[in-house]
Amino acid sequence: MLLIDLAGYELTQEEQELLEHPLVSGLILFTRNFHDKAQLQALIKSVRQRVKKPLLITVDQEGGRVQRFREGFTKLPAMQSFLQLDRLQLAQEAGWLMSAEMFALDIDLSFAPVLDLGHCSKAIGDRSFGEDVATMLPVAEAFIDGMREIGMAATGKHFPGHGHVIADSHLETPFDDRPKETIFNHDIQPFKQLIAKGKLSAIMPAHVIYTQCDSQPASGSSYWLKEILRKQLQFNGVIFSDDLGMKGAGFMGNYVERSEKALQAGCDLLLLCNEPDGVVQVLDNLKYQPTPTQKERYLSLMKRKQISWSELTASPRWQQAHQQLATLQDQWLEWKAQNA
């Protein structure tokens, strides 16, 4: 059950054939797929029309430095800004607006929000709402409530917490040597509490090895995904692997081995990006048949609400939220400059 990427602005015949493979469930879009809104809408329409099966179309449109579509879209401030600048009431509107803009493009899912604690990690930084569970959790929950209000599934990442490793898992495999008790009493709490409230439809584990807990990265660890996430926390939603093309996943072997280990560990859907040869290797060599439960889980993430861009941007709610978020973005950039 792979989610793969596209090379450019248009769907090629080869990419169409890959998307039609029975082991491919969807795709993830990047900035390289975006020239302008009209082109992006045409690309998505082409995918929907040419590939004759349900495809989950996804993106990372978190806000801040991780916002794949910018020109013509609302500038979403980094998640840290909502707590740092005491704009908690805007968090729900941000979740709603981000989701609404993606739905208006016929995108099913934005992988959000980040639930990692702390700002020291190179990979996370101001993508995190905050450092303390008690203060960040209401903000994260409000953002999720905004997503859920319009019908977008929330994906909590990066389980059980990526915020306290300096290394960037895009570039290397990070190791977290802190005691097990610290991770369970601190980092895992946002996930635990939001799962208990039924707020998370999906979870994305980290490519981090928690040395005092298990020898494998969480994304390839049955301890983290089956024992802790499924059994202990009673999570019954979708588990996405983080991008198996990242250097942090290299600990698990080649692309086929990474995919096998992630599936065996408990992942339902696998992201494999920026490695077209790796995608072909996996599709040619992976011996895997998704279960009916896994198919049901992934189909549950498909968007249910139809909304046009013109209707959305004409609504008073969007116009007000758009302006408020633009103001917060300016305030956040000013705050960062003053506190650099």
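These residue numbers are counts, starting from 1, taken along the chain as shown.
Cβ atoms are placed via backbone N, Cα and C, with glycine included.
Taken from Swiss-Prot, the feature active site, proton donor/acceptor covers His170.
Among the features that Swiss-Prot reports, active site, nucleophile is placed at Asp242. The secondary structure of Asp242 (active site, nucleophile), as reduced to three states from DSSP, is coil rather than helix or strand.
Taking the Cβ of His158 (substrate binding site) as centre and 10 Å as the limit, one finds 26 other Cβ atoms among all the protein chains shown. According to Swiss-Prot, the feature substrate binding site maps to Asp60, Arg68, Arg127, Lys157, His158, an assignment based on sequence analysis.
The site 'Important for catalytic activity' feature in Swiss-Prot is assigned to Asp168.
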Nearest of the binding-site residues (Asp60, Arg68, Arg127) to Asp242 (active site, nucleophile), judged by Cα-Cα distance: Asp60
Winner by Cβ contact number (other Cβ atoms within 10 Å) across the recorded positions Asp60, Asp242: Asp242
Fewest other C-beta atoms within 10 angstroms, as judged across Arg68, Arg127, Lys157, which are the binding-site residues: Arg68
